[in-house]
């Protein structure tokens, strides 16, 4: 009996520690990019996957202690995919007492009509979904639209654009829609996918499969995802360093003439940021920038097991 209590206490401690880390990550992202302001009405896009469930849970948690007032409304788009369990999200949200709206639009039928069998449908589906969500945000009076993309998604997009698109372009934590009417935020921008996976499992969210449409997976993105996972295992700290690099750009040491006036460099010009690397090799730190050993690596005997609530 005592052993079972110790196990449960340890599991609760680990869950609280994980939730604190996710809260901290989300809080830092919100502060760094001014994602949420006083009086905001946040439309939380809920797909039924681990990421959007986690986003809603952490935002609800932060809402209770935030120094500003903001409201949340969860929105799910029922695209009429065969086998979609329509009852799951309403039951879950009603249990939480969260305001929500289920938008029913047969985008599945449109996509199946327009895209040949066996081809990836994600691009058209995404465009249709985006338009519907923007319209819904207007109807609900939402000032911000929250999406559940995390740090790994942002890095994957960076490498996809580098490898296949020839661009240094990632996925912004905050953006304005093309029509200038909607601000989109990604509160999980600093969160690791593996933390989200563990959190979703511990919370036992009622996950809805993402392959109901029968679309072929994005093989290019899968290749990039596998590459990053391999690097994370073989080279601890590399993922953290790459993400830090996205936040510390030195235009004078790249090759984009739109970002830096290389032609304007002449005798008497100011010294550019980044240092003079014309002759000397730059010294690289032995430990990856922005990386610290994971908290989960703490030896079990040093863990306090008396913390059972997130303060």
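Each Cβ is built from the backbone N, Cα and C atoms, and glycine gets one as well.
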Fill in: Feature motif 'PP-loop motif' in Swiss-Prot, mapped to one of the ranges 47-52, 53-58, 59-64, 65-70
47-52
Worksheet entry | Other CB atoms, at most 10 A from the CB of residue 122 ([4Fe-4S] cluster binding site) | 17
Worksheet item: Roughly where does the motif 'PP-loop motif' (47-52) sit in mean pLDDT, to the nearest integer?
Response: 96
